[in-house]
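Below: one structure, written as structure tokens.
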Amino acid sequence: MRPSKQIELGASSILPIFPALSPIFFSTCASTPPLIPLQNPLIPPAKSQLYASFFCSLIEIYLTCTRFSQATAAFARMRSFDLNPPFRSWNRLLFKFNSSGFLPQVPIVYSELLSCHNKANVFSHNMMIHALCKMGWIEKALELLREVDIDSVSYNTIIWGFCEYGMVESAVAFLAEMFKKGFEFDNFSCNILVKGFFRVGLVNDAESVMEMFVRGGVGRDIIGFNTLIDGYCKLGSMSIAASLLESMNDEGVLPDIVTHNALIHGFCRVEEFELAKNLMDEKDLNLELNAITYTTLIGAYCQHGRMDEAFLSFEGMIRSGILPDVVAYTALMDGICKNGDLFKGYTLFREMESDGIVPNHISYTSLSNSLLKERKITQLSILFREMIVRGIPMDLLSCNTFMDGFFKAGNVDEAEGVFQMILACHLIPNHISYSMLIDGRCKAGDTVGAERALVEMKSEFVSANVVTYSSMINGYVKKRALTKAIGIFRKMKEENIYPNVVTYVTLINGLSKMRQHEEALNLYKEMLEEGLESNHFMFDVLFNVLKRNKRMNEAEGVLGKMIVMGLLPDRVNLTSIMDGFFKVGNESSALEIGLKLMESKMAPDVVVYNDYINRLYMVGKPREAKSVIFQMKSMGLNLDHATYNIMIGQHCREGKLDKAVNVFSEMKSLGVMPDIITYEVLIGALCMAGDIEMGIELLNEMTLSGLYLNPSTHKRVLQACSKWKRADLIQQFHKKMVYLGLELNISVYNTLIRIFCTLGMTRRATLVLNEMLERGILADTITMNSLIVGHCNSGHFDKAFSVYSQMLHGGVSPNITTYNNLLDGISHAGRMAESDMIINEMREKGFEPNCVTFTILVSGYAKKSDVKEAMRVYWKMVMKGFTPGVGTYNVLMSEFVKAEKVNQVIQLWDEMQKRGVSPNCSTYDMLITVWSRVSNGFEVTKLLNEMKGKGFVPSESTLHLISRAFARLGKKKEALKFLRSYHFLQAVAGGGADRKYRERWRHSSFTAMAVCTRTSGGLLHEMEGAGFGLDFA
């Protein structure tokens, strides 16, 4: 918590500060036991001082060992006996609590001191003022200073507080007040201010302050010179720092080891290691080098990757008779880890203890950071528990590191536990702590918890920054709550927190995924106007926006702009553009980009070729894919697992299992052993084709080759078997895999239960559940959700609710999916009257309706023809920031089409376009139906041409309706045939017709098909040309 930058320094007119401050202080220590007398045995007055002395000693021991909770408990127990230590002991307790860093307890001790003695001396007041300043409560420190007896130390402490938080102007103003009140300033005042100005980079002001004090009769002492030298060294002004040595000699001040350590540190910062070494080697100094001298050099060498010199300095330290301390070991270990040898760094960490050096919290934090970067979360967790067991106190940095690591590993409960530990240990969370908490909760999908953290953050006067708000935006985008994301974006700007590239990328990507392409592009333009430069990731997001909107010409222009900026497109950028061209049917441009990719320096990589081959297969270009494979072989590139897996997968999708098996044999003959994916794909395809015997044979071969069956293989194989809807077949493969070594765990059982439930075999699923429970494996949320879905699919809705009740009684926590499944069940059953009950239950459990919830409700009410309620829910959904899907719009349109409410259908169509929701074939069918009923031939023609452009084929009923509405008298049958032929040919041209559809129309005797290959005349002219004519109004 940081104080405000401007603090009023005028006279205070507040009431006496105590007990008015007491509630504030007690509220910050909620876990502290209440200081009220308990029912305790009476202590004889003669022994009260002895007991008080005992308690004070015990408290000091606890504080020395950083056992803060025990120290607090001991103090509370002492006061419960109504023991009142001597004044000197009270002051010692204040000092110990303050110096140990357990600051929240200082105001409590101070308050108890006042209640016992009705007064405190200057030392007590100064301890209290110092603690308040350290906690950032400068205003409270000022209030106290103006109400009690003080000395120059009190003023210097407040000046230190101002400087510590960067408020040097307020510090200077307070110095003037100190002078007016008759307190003499001294070297301490001067040195504190000089250091404060250096910390905020005001070098000239620092020098002016020093000169002002010298003119006022305060000479520069060794601390003053060291402060100046250290300040210049940290700014990199080494020539000025070195020249100050001469000034010291002129003024008769001898440099000490602190002076030389500061200079050595400064030379190391600017990488002048030889000068630092020369300073260490000077013989005329008559100074003994200490551990700090060597540690400074070791740390600097490590920081710049010069590990050999670091080790030599470490050895030189030992030869000089200086035993390395925990700081030296930690610096060397940190350097080793950061230079890529985590194992060696970890080994050194363990060697510390064998050398009699106990690692401190900095050692643990340093190693934890390295483990986190390498994603060694298990070891990180072990280290965390080790610190707790050993009683090593954690500072805020340590806690932040562990919290960040646990969140990144998905261990949300552990991360939340670390944050609670921060509060329990009376540490004050900073903006980094809260930003990590908010980011972690958002990534876990808990945006409500993130909102609470943001509110708490502001209530504690911790300022949010661009990272905090970007995390919130990312969380809302993932939840499809774009309205809230945009709200946070605007709030940032109102608070003068400027979004960075990450913020813009997150929001633009979210808008694009929600089909709000124009808004995404406008935001990109705004980003450029703000002067922010795009990076590779930004360009990739932009390519995706244009790709989804089929604006590939603009994407090419962006690519050119990227190159002009000097930012060469990487593999991801080029692959994205190539994919876009493939999707819009521009194979020639896609292949051209692919060739550029192949010819670039990035090309000689089997990964690039594999991606290209896969995309060629996906767009129906098997010949070109084979050509690229041949090119790979001719270039001497060996096909890897991924290449063969792509080829096998393609043959399996085409139903050419013989070819897939041949490729499988080829890869083994060339020494490329199949991996788990190879077997999963091939076994799954064989099961779907009904070749059970060969599927089992491959399962045996897979285990013999040393590959272990895992839940993923089990899931893929059983899903393939489920095509035949045979419980015996599913069980056969399940038992076979268990026999071959598949470990039975919750994931395996959940797969089996889910497949049986999907097929409506709830009795089988229940038998599996019973078997699972007999093995001691408890059901989880996924298990119970699967059973709910199974019962709903079978029409047994009461049984679904019974499963939900079992969940609650069995201690299995429902999630949002549980309630959505129940809502979906009652929606299909037409029991929408029960929806409010489920929504209320859901909210009681802490869940808010999401996009899926609203979609189910809209669909359920619409299917019951309760259009009014459906539209109410729809508008509520939109107001919450969710974007409805095409299915939601279709179900609403369907009801309005039935009611022949044209305006409402058109309104929904406009809403769809406004929100960037792409229509599907059903949407077009309904729109054509509406316009045909009102004989609006222009709109019908426009929609048919749009369908043609997207490769959609109108339904048979739509074609009948068009021919009835617009064909000339006596020509309806011929018009219908023409429409069928027209849209069949366009669908074939656009790839929109499936095989059955092509076969259906291949032998059509209608010879007017040939005329339909034209694309410029439109449907009207073609019908007219065929002699059927559309009577468009």
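Using N, Cα and C of the backbone, Cβ positions are placed for all residues, glycine too.
These come from TrEMBL:
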REPEAT    151-185  repeat 'PPR'
REPEAT    290-324  repeat 'PPR'
REPEAT    325-359  repeat 'PPR'
REPEAT    395-429  repeat 'PPR'
REPEAT    500-534  repeat 'PPR'
REPEAT    535-569  repeat 'PPR'
REPEAT    605-639  repeat 'PPR'
REPEAT    640-674  repeat 'PPR'
REPEAT    675-709  repeat 'PPR'
REPEAT    745-779  repeat 'PPR'
REPEAT    850-884  repeat 'PPR'
REPEAT    885-919  repeat 'PPR'
Can you tell me which parts of the same chain pack against the repeat 'PPR' (605-639), counting only residues 6+ beyond its ends and a CB-CB cutoff under 8 A?
571, 575, 578-579, 582-583, 587, 590-591, 594, 597-598, 646-647, 650, 667, 670, 672, 991
How about long-range neighbours of the repeat 'PPR' (290-324): same chain, 6 or more residues beyond its ends, C-beta under 8 Å?
257, 260-261, 264-265, 268-269, 271, 273, 276-277, 280, 331-332, 334-336, 338-339, 355, 357
Can you give me the average pLDDT across the repeat 'PPR' (745-779), rounded to a whole number?
93
What else in the chain is close to the repeat 'PPR' (325-359), if you only count residues 6 or more beyond its ends and a Cβ gap under 8 Å?
291-292, 294-295, 298-299, 301-303, 305, 307, 310-311, 314, 317, 366-367, 369-371, 374, 376, 379, 392
Selection from 500-534, 640-674, 745-779, the stretch that has most Cβ pairs under 8 A to the repeat 'PPR' (885-919):
500-534
In the repeat 'PPR' (850-884), how many residues does DSSP put in helix, strand and coil?
26 helix, 0 strand, 9 coil
Report the DSSP secondary-structure composition of the repeat 'PPR' (395-429) as helix, strand and coil residue counts.
26 helix, 0 strand, 9 coil
